[in-house]
Amino acid sequence: QIFNQHNAEALSLEQAFYRMAQTEPNLDHDISWFLLPSYWAKMVVALISFLCFANSYDGDFVFDDSEAIINNKDLRAETPLGDLWYHDFWGSKLSSNTSHKSYRPLTVLTFRINYLLAGGFYPVGFHVINIILHCAISVLMIDVFSILLGGLQFSNKGRRLNLAPKSSLLAALLFAVHPVHTECVAGIVGRADLLCALFFLLSFLGYCKAFRENKEGHTFSILWVLVSVILGAIAMLCKEQGITILGLNAVFDALVINKINLLELIQKLLHKDKSLENAGQLRKGLLFRITLLMSGGASILYIRWRIMGTGPPAFTEVDNPASFADSLFVRAINYNYYYSLNAWLLLCPWWLCFDWSMGCIPLIKSVSDWRIIALAALWFCLIGLICQALCSEDSHKRRILTLGLGFLIIPFLPASNLFFRVGFVIAERVIYLPSIGYCILFTYGFSLLSKQAKKKKILAVAVLGILLINVMRCTFRSSQWRSEEQLFRSALSVCPLNAKVHYNVGKNLADKGNQSAAIKYYREAVRLNPKYVHAMNNLGNILKERNELHEAEELLSLAVQIQPDFAAAWMNLGIVQNSLRRFEEAEQSYWTAIKHRKKYPDCYYNLGRLYADLNRHIDALNAWRNATVLKPEHSLAWNNMIILLDNTGNLAQAEAVGREALELIPNDHSLMFSLANVLGKSQKYKESEALFLKAIKANPNAASYHGNLAVLYHRWGNLDLAKKHYEVSLKLDPMAPGTKENYNLLRRKLEQLQKKGG
């Protein structure tokens, strides 16, 4: 009886497959490819996607990771969780004029969890999560592609059938190993795109579940439609592109569930055909479901708009030069050129760059520019595909091409500049979702070629070759994302005209102490973009440190002239003017910096140094106090207050400030040293000794620490210990000022004591 029941179930499953084969052609019939059980197919995709990006697991924080993670206060436990809902991706208030309005609180929440679990900024955990997310997304793609390429069919038990196992495996592999995904996976900031894609796909699969057949026949579940809308909202809270899944669900419903012929529908609408009133799609609830999707999408966008505020994000011309062009023709022609470059990155992802702004792609300003050919090629292909998608007599072809174009174009719309200005020229990360459409079109094209080809195995080997090349390219590109030096240098050959690339290479060299090489790259950045104020500021800083003050002043003056609210450049200009002993100008520069950035502790610190040089002690103390109020861990400001009060004889006040500072920064050896000096002068020898010894333990090679402890012992009468620490100090620094004289005095005193004792 059990055997017969099993046979009956198997027969019904075979019949379901047979019915599908009769009603619609199957891509798998024409493709010479591997046929694997579902479990093994998913294991293969997971393994290959892991191998592509595994070598990025121990990479550093690079490029935008610094601002989005290391400098983002929203990751720290002291920031209330509620603040995440009112801050942008970078930790700034959404209401701020400087906010980029990128609202991704759920992505930031995952960063915060990473940070708390790791106990600090350790990049390994962040990278591992990114790799796992890409593997999970690639595995989900098998289910998604099986629906998009094979259609949505369920067995008698309500289980979804994979009617295109070979095609869906190929498309999922193409997605898993596409090199353009490297930025999303190997760059931690790409977490936003990965999370968005995960919930994007879950929303689509949830929408498909709404059409599972039940005992009452072919109907749909309102609950699953609502679940799909909620998952779409979650996708948008990870990254803005997520909202586009609601539009794609509507397209899928119309084409796959209701099998609408778009061209026929348009013709009926134009001719006001009365047969539309009784159309089957209305009976299937299409309009009701689309109303649910549209209402959900509109509500989500309205809530986001209310949280974000009415003002658009503020971008500069260097971020997206085409959007600032006066001519509508120039804007349109360049936007279309950018689209063609994005398409080329999908077709041939060989030239990859972390940043495509700042002159990397010069503007097209006339039709005589040869790059117009790229636009023509793009639209020739798109129009051809659209015509086939609308006009083909083959319903299977119409469905696959329309879905492929839909998944290619609709998720890209938020990055297209059509609805609002975006802050980039090209960003490889925004192609993560559109690559789904590319994989559909590639797989369908491969099936058409296989159908015509006599030697199908040669085609299969060629596709295997493409997959292998992509795996190698992913591995190599992932290694470039492991460190900023490799990442920035890799861009020099791709975008040699990009000022930001030269700036980042220079900054990386400067951070490593190679100032001479850094100067070269900063100068090139300024040459390529004469208004690049950040390059001017950093170059001015290096020249200031090398005592090339006049050129530094010229650069910094030009920077603040170009951007009058550039607070850091005003402060650095003040430092240079102070070094040139033009104190009034320096003071004015400092106050201008503070005017543009009210909470600027470093500027208050430098202002205090200026006042100290002018013997305006009260003003100096006030400036340093402001610095410590704004930044309680500002060790230099605390130290300068202690030293100034000590030098002016205010020992009690100096001691009070020192104790206050050590409560806030208990492990700062320089503060221990300064307070120990004050306590020694106040004849609190025991406490002074303890602080000196603690400071020496923290920094044993500081000659001054040993020298001043020796002075304390000298005063205290512990002459042997004084002699010992004088000798250590002189060994560390034979030219230490005053130490040799004090040591000679001690030696003479010891000799006199020996003579008296003798």
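Note: Cβ is positioned from N, Cα and C throughout, glycine not excepted.
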Transmembrane segment per TrEMBL, picked from 39-57, 343-361, is residues 39-57
One stretch in 131-151, 188-208, 286-305, 403-424, 458-476 has more Cβ pairs under 8 Å to the transmembrane segment (220-237) than the rest, namely 188-208
Outside the transmembrane segment (286-305), at least 6 residues beyond either end, the same-chain residues with a Cβ under 8 Å of its Cβ set are 103, 210, 220, 222, 225-226, 228-229, 232-233, 236, 243, 246-247, 249-250, 253-254, 257-258
Mean pLDDT across the repeat 'TPR' (499-532) comes out at 94
